[in-house]
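Enquirer: Got a structure for you, questions after.
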Amino acid sequence: MGQCYYNETIGFFYNNSGKELSLHWRPKDVVVVALGLTVSVLVLLTNLLVIAAIASNRRFHQPIYYLLGNLAAADLFAGMAYLFLMFHTGPRTARLSIKGWFLRQGLLDTSLTASVATLLAIAVERHRSVMAVQLHSRLPRGRVVTLIVGVWAAALGLGLLPAHFWHCLCDLDSCSRMVPLFSRSYLAAWALSSLLVFLLMVAVYTRIFFYVRRRVERMAEHVSCHPRYRETTLSLVKTVVIILGAFVVCWTPGQVVLLLDGLDCKSCNVLAVEKYFLLLAEANSLVNAVVYSCRDAEMRRTFRRLLCCMCLRWSSHKSARYSASAQTGASTRIMLPENGRPLMDSTL
């Protein structure tokens with residue numbers, strides 16, 4: 001191991017990797033920050049709504065909904081991490097210390113890893129409940145807690161590794177171009193692990209699809225309700241396509257550029273698209289709320305109830321303020337007497 005550069009500036013590592021460090025706000029930086037702030041706020045609001053719905057509705061106190069709540073918590077964390085990134089990017093990157101830079105990246109890596117790992121946990125739990133022919137699985141709560149703790153332990157482990165071990169501060173030749181303080185091998189490992197998660201999800205949902213299709217076909221042999229059979233099959237196909245399609249669209253571009261950078265592809269212009277692909281990966285935290293929660297009819301009813309309650313509270317608060325203001329105004333409408341008779345305000 002060569003010399004270590006713990007006391008160097010962020011600019012030193014960016015220059016070493018050949019990544020431009022902005023000293024002023026460029027149009028590209030403004031566009032990325034504007035889009036990033038918009039996506040982050042939407043992610044925070046939607047996932048807060050999901051968590052509130054699961055907490056307030058006792059029907060959702062089931063293992064699969066605990067996992068959905070954990071997914072919403074991971075995506076909420078991802079929204080906050082990306083919001084933190086947006087306030088420490090562009091020209092502000094150069095002012096970060098090495099510890100601050102690792103904190104910025106660690107928050108993002110931890111939250112996104114937790115989100116991806118929870119997606120796999122949900123797929124496995126759905127597979128288990130379908131094979132057991134249960135609408136809501138009877139998975140023990142202790143096992144769910146263990147699963148959730150395992151997800152966050154793995155996410156924290158992967159998020160903290162670069163700051164403590166898997167960096168390039170002592171080996172500048174191994175530095176990544178996209179993430180100049182990270183080792184290229186870390187990026188390759190992270191991309192391959194995400195790809196492995198996707199392949200496992202494909203395998204799990206494919207097995208669910210064929211199992212349910214065979215079961216419905218056997219039922220259709222004894223019932224003449226063939227349109228219902230086709231409807232069930234098409235609904236299942238739609239669900240699987242949406243789940244896997246959302247993951248592919250949001251994650252594949254980012255995984256590809258991470259892998260290319262990790263493999264040290266000199267001819268690949270990964271820096272031209274990295275910010276937009278990271279934004280697309282963050283958008284998955286918004287898509288998850290729609291795909292996994294909003295398609296549930298009971299969840300939608302709970303959303304409407306919560307939003308109606310919020311609107312009613314806001315309206316009642318506004319009405320109370322208006323009434324208080326009106327009473328105050330009425331008490332000041334009596335004018336000074338003139339010729340022995342009190343004058344009333346002409347606005348009455």
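A Cβ is built for glycine as well, from the same backbone N, Cα and C atoms used for every other residue.
Straight from Swiss-Prot, here's the annotation block:
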type	residues	note
TOPO_DOM	1-30	topological domain 'Extracellular'
CARBOHYD	N7	N-linked glycosylation site
CARBOHYD	N15	N-linked glycosylation site
TRANSMEM	31-51	transmembrane segment
TOPO_DOM	52-66	topological domain 'Cytoplasmic'
TRANSMEM	67-87	transmembrane segment
TOPO_DOM	88-104	topological domain 'Extracellular'
TRANSMEM	105-124	transmembrane segment
TOPO_DOM	125-144	topological domain 'Cytoplasmic'
TRANSMEM	145-165	transmembrane segment
TOPO_DOM	166-185	topological domain 'Extracellular'
TRANSMEM	186-206	transmembrane segment
TOPO_DOM	207-239	topological domain 'Cytoplasmic'
TRANSMEM	240-260	transmembrane segment
TOPO_DOM	261-270	topological domain 'Extracellular'
TRANSMEM	271-291	transmembrane segment
TOPO_DOM	292-348	topological domain 'Cytoplasmic'
LIPID	C308	S-palmitoyl cysteine
MOTIF	345-348	motif 'PDZ-binding'
Enquirer: Between the Cα atoms of N15 (N-linked glycosylation site) and the residue listed as 'S-palmitoyl cysteine', what distance do you get, rounded to the nearest Å?
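Expert: Pair distance, Cα basis, whole Å: 53 Å.
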Enquirer: What parts of the chain pack near the topological domain 'Extracellular' (261-270), using Cβ distances under 8 Å and only residues at least 6 beyond its ends?
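Expert: Same-chain contacts beyond the ends: 176-179, 184-191.
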Enquirer: Would you please pick out, from the glycosylation sites N7, N15, the one with the fewest other Cβ atoms within 10 Å of its Cβ?
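Expert: Lowest Cβ count within 10 Å among the glycosylation sites (N7, N15) is N7.
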Enquirer: Do you know offhand how many angstrom separate N7 (N-linked glycosylation site) and C308 (S-palmitoyl cysteine) by C-alpha?
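Expert: Answer for this pair: 54 Å between alpha carbons.
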Enquirer: Who are the long-range neighbours of the topological domain 'Extracellular' (166-185) in its own chain, taking Cβ under 8 Å and residues 6 or more past its ends?
Expert: 1-6, 10, 13-14, 16-19, 98, 101-102, 105, 257-258, 261-264, 270-271, 274
Enquirer: CB neighbours of C308 (S-palmitoyl cysteine) within 10 A?
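Expert: There are 10 of them.
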Enquirer: Six or more residues out from either end of the transmembrane segment (240-260), which same-chain residues have a Cβ under 8 Å from its Cβ atoms?
Expert: 116, 119, 178, 187-188, 190-192, 194-195, 198, 201-202, 205-206, 208-209, 268, 270, 273-274, 277-278, 280-281, 283-284, 287-288, 291-292, 295
Enquirer: Going along the chain, which residues at least six beyond the ends of the topological domain 'Extracellular' (1-30) come within the CB cut-off of under 8 Å?
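Expert: Residues 89-91, 93-94, 96-98, 101, 168-172, 175-178, 180-181, 271, 275.
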Enquirer: Over the span of the topological domain 'Cytoplasmic' (292-348), how high is the average pLDDT in this prediction?
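Expert: The predicted confidence over the topological domain 'Cytoplasmic' (292-348), as a mean pLDDT, is 66.
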